[in-house]
Amino acid sequence: MSSTVVVGSQWGDEGKGKITDFLSEKADVIARYQGGDNAGHTIVFNGQTFKLRLIPSGIFYADKTSVIGNGVVLNPQSLIEELTYLHDNGVATDNLRISDRAHVILPYHILLDQAQEKAKASKIGTTNKGIGPAYMDKAERIGIRVADLLDHDIFAEKLHQNLIEKNKVLTKLYDEEPLNYDDIFETYYALGQQLKGYVTDTSVVINDALDAGKNVLFEGAQGVMLDIDHGTYPFVTSSNPVAGGVTIGSGVGPTKIDHVVGVCKAYTSRVGDGPFPTELFDEIGDTIRETGHEYGTVTKRPRRIGWFDSVVLRHAKRVSGLTTLSLNCLDVLTGLKTVKICKAYQLNGETIYHYPASLVDLDACQPVYEELPGWDEDITHCRSVAELPANAQTYVKRLAELVGVEIATLSVGPDREQTNILQDVWNA
């Protein structure tokens, strides 16, 4: 038995989908444990590019089981669209399993998300997908789960009760039109019936696989710095992308987690508002954004760009228990005369090495950089660190030293062949 968790160790968009897809080759089960359709991942399979939001990357392998765990908030409409998209492109989905305990995103969640964000003076940068309101209902114990969605009478009763309260908020607080009960019930009950064949107790599926000695890969969404507890609160998501979220969001005990792979870029990116100490506002930032095609998979918003921040990565290592790193997008830095790594912050005249919780302190933090010479050589063909130009080797090795975690995979381009194994996590 072996289990590996793939987590984003920055602010999301680190290339987790590609790494998960790469590690899926030796996995028997691939499971999502949190988030919803607010974060997309891009996978290149058989020369074709696929963009998924809910379905795990393992769906492309017919001999593997793909799981949407109980910690995910699920929009049935988005999921049906994604399944149709895969079917239209010749991808079978018989290997998908959906937790009966996952909570369902309904139209009032999306409308409330939009209305709340519009009303705020300070924007969090929501994707308007209803994720936050769905998790709020879950915490308030009024959420509707997949198991409820499949039961005609229970769904009818819960939806009726919820809609009374939601329409009060929508109409009286946000001056929105009320939602129609019959329209929602008919549409979403029908969607639930379309998904019924995929629904099961996924905790049993995953634990049975582990007990049988199979390899299980857990796939997170977003990143550690967007974690509701350990991220840049309140500019965070509504769930726990950290590795600890696996136990809650998939129904697997912590003693069954063996490895945690932290995925990161060779620089840093962020979508939406919030602290970003190493952010670049110059031509170098623009160059990295365009070279790296740094635009959101779901939102299409241009991502904010900054230098690699080892303070952030050490924070991710500590709170998520990273055992190895997966370094992506090294090729994007090719051609820069100088590359920088943030090794610490200056705060009120003091050098600090840990990420502050206070937004006031974060705004006052000035990055302390190490400057290293860049490289001009094409590295997209390199298949090991030893094949990299000397300056690129120095950069990679220094990143690992500052973070204190070994690099297990190194990517020098978007294709699978450009992802190089330096250490096999399944045999570690």
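The backbone N, Cα and C atoms fix where each Cβ goes, glycine too.
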Besides ASP13, GLU14, GLY15, LYS16, ASN38, ALA39, GLY40, HIS41, ARG141, GLN222, THR237, ARG301, which of THR127, THR247, THR287 does Swiss-Prot list for that IMP site?
-> THR127
For GLN222 (IMP binding site) and LYS300 (substrate binding site), determine the Cα separation and express it in whole Å.
-> 15
Any idea what the Cα distance is from ASP13 (active site, proton acceptor) over to ARG301 (IMP binding site), rounded to a whole Å?
-> 12
For ARG301 (IMP binding site), just count the other CB atoms lying within 10 A of its CB, please.
-> 13
Three-state secondary structure, LEU330 (GTP binding site) (per DSSP) = helix
GLY12 (GTP binding site) to PRO302 (substrate binding site), Cα to Cα, whole Å, comes out at 14
Determine the most Cβ-crowded residue among the recorded positions GLY40, HIS41, using a 10 Å radius around each Cβ and all protein chains in the structure.
-> HIS41
